[in-house]
């Protein structure tokens, strides 16, 4: 029975999410809250931590793979490799630290550079620590305006209260799924066009 279960899990669709943002904005806290329903305030940064979880997305069982990358400059050189493997990105900043919001533009540029061959990259801008409203440095209008300029969704979250934590991960998975479906459609369209052409060519040769 266990073998069957393992097999079915192995055949589930896998969506790869990368957490991106400056150090201390709460990327790990958001990830751990989503994974384990726990709020972890102090978390030692590493190069990257990977998590995998089975979830139900719009009635379909899927797996989400979350790579939580460190925001520190020391790790900038290895970030490119992580970005290449990602299918969607949560670009996180803290609403209490304007500098972390400013840094999102640079992180986005890095993602676009690494994924230059792709048309539309699934990405959400996330303003974390919404529970600390009294310490807000980034106005909602400013963050929303930047997200609109980039053509992406802006959501405010709190890893502490769990506000919108599920929303950002599930919304991003929906974007990843839509992109995959669109790519498969294009691929199948090209394939059928190719086979029609080769059939035509064969007919001509005969």
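Every residue, even glycine, has its Cβ placed from backbone N, Cα and C.
The secondary structure of residue 27 (GTP binding site), as reduced to three states from DSSP, is helical. Counting Cβ atoms from all protein chains shown, residue 27 (GTP binding site) has 30 others lying within 10 Å of its own Cβ. Here Swiss-Prot flags 21-29, 68-72, 128-131, 158-160 as GTP binding site.
The region 'Disordered' feature in Swiss-Prot is assigned to 181-206.
Here Swiss-Prot flags 203 as S-geranylgeranyl cysteine, drawing on similarity to another entry.
Annotation comment: Swiss-Prot describes 203 as cysteine methyl ester, evidence class similarity to another entry.
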Top of the binding-site residues 21, 24 by count of other CB atoms within 10 A is 21
Using DSSP and three states only, what is residue 129 (GTP binding site)?
coil
How many other Cβ atoms are found within 10 Å of the Cβ atom of residue 129 (GTP binding site), counting all protein chains shown?
26
Please list residues from the chain of residue 158 (GTP binding site) whose Cβ is under 8 angstroms from its Cβ, counting only those at least six apart in sequence.
128, 129, 130, 131, 164, 165
Cβ-Cβ distance under 8 Å to residue 68 (GTP binding site), same chain, at least six residues away
19, 27, 28, 31, 48, 49, 50, 51
